[in-house]
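Novice: Sending over a structure as structure tokens; questions will come in a sec.
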Amino acid sequence: METKVMVIGEVVPCMLMVLMEVCTIGLTILASTVLSKGLSPFVFVVYTNALSSIFLLPYNSFIGRRNKRDDLIPQFLLLGFVGVTMAQNLAFVGLSYSSPIVACGMGNLIPSISFILAALCRRTNVDLKSSSTRAKLIGTLISIIGAVSLTLYRGPVIKDSSAHLRLAPRLFVFLSNNEHWVVGCILFATASLTFSIWNILQVGTLEKCPDVMTVASSYSLFGTVQSALLALIIERDPNAWRLQFDMGLLVIVSTAVFASLIKSHVHMWCIQRKGQFYVTMFRPLGVPIASMFGCIFFAETFHYGSMMSAAVTGIGYYTMMWGQMREDESRRGKVDLVEERAPLLQEEDQV
């Protein structure tokens, strides 16, 4: 019995998180493929978020509520604009110009950018004498160095010695056919900046509306409408909106189902069982997974420099998160100390 509990408590969450990262990279490669074949990234964002909004609608308690809180609507609009209209469009346009390894590397910048924004807004205490602050500063520096290297240095191409594996790039695309590497990296870095702002905005919204699924459903709905307006301005050709029963439709539906239903529920289940930092610690795992796919199936378009630079951003990510964990542990220690001393102080007051 104890063995089964240990398996459920330790092994299952780990396997699920690894599987989530593998599926994320797989869907990113599929998205890169359909974008390279002509699907507009703006249309892709609209259709995937429209489906996600439909799937999340049953979880939305805000829409069916009679006494709606009007102060939440502007926040949902802002979350949809920043997290969907800006961040996702920047990310998928960046993907159409680069490759999934850039998505992994630049995604590792989000904690560092969030730390910089919090420091600039004076929402966090930057104490250079603290080991946690020094770790976060070092992690931020490492992540930025990795991102700059990823943008400017690609290195030699990995050669593929297996002839039968060379068929993979003909079916799937790792490096975009419409390649603009530096532009793609800059767009992904900007997307990471907007995702960081989005994460900060979410904190205030969740304080007013603790129901995570309601918040996700609401901002996805508002973000879909805003993204549709943007796409209508940019994509005026009606043919760009037409979908056929091909890989493009399959990727859109798979991405919507995975992001809105599967990944979100798995993440919430793992957080409930293992804590808030458990899910975030698996984020850099996308780098070795994407590198494995690139080396095995896309060696003719995959570069050593891109792989190593993305790995550097992963090191910076883990250094940054280690500092954040140390800071949270010290805060909990102070709270526990206050709680332990509180009864003693009350007794002294009574005496």
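Keep in mind that glycine also has a Cβ here, set from the backbone N, Cα and C atoms.
So TrEMBL has the following annotated:
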| type | residues | note |
| --- | --- | --- |
| DOMAIN | 14-150 | domain 'EamA' |
| TRANSMEM | 12-35 | transmembrane segment |
| TRANSMEM | 41-60 | transmembrane segment |
| TRANSMEM | 72-91 | transmembrane segment |
| TRANSMEM | 97-121 | transmembrane segment |
| TRANSMEM | 181-201 | transmembrane segment |
| TRANSMEM | 213-234 | transmembrane segment |
| TRANSMEM | 240-262 | transmembrane segment |
| TRANSMEM | 282-299 | transmembrane segment |
Novice: If you count Cβ pairs under 8 Å, which stretch among 41-60, 72-91, 97-121, 181-201 touches the transmembrane segment (240-262) the most?
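Specialist: If we count Cβ pairs closer than 8 Å to the transmembrane segment (240-262), 41-60 scores highest.
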Novice: How about long-range neighbours of the transmembrane segment (41-60): same chain, 6 or more residues beyond its ends, C-beta under 8 Å?
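Specialist: Counting only partners 6 or more residues beyond its ends, the transmembrane segment (41-60) has Cβ contacts under 8 Å with 31, 34-35, 84, 88-89, 92-93, 95-96, 213-214, 216-218, 220-221, 223-224, 227-228, 230-231, 234-235, 240-241, 243, 252-253, 255-257, 259-261.
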Novice: Taking all residues of the domain 'EamA' (14-150) together, what is their mean pLDDT?
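Specialist: That region's mean pLDDT is 90.
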Novice: What does DSSP give as the helix, strand and coil breakdown of the domain 'EamA' (14-150)?
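Specialist: The breakdown for the domain 'EamA' (14-150) reads 107 helix, 0 strand, 30 coil.
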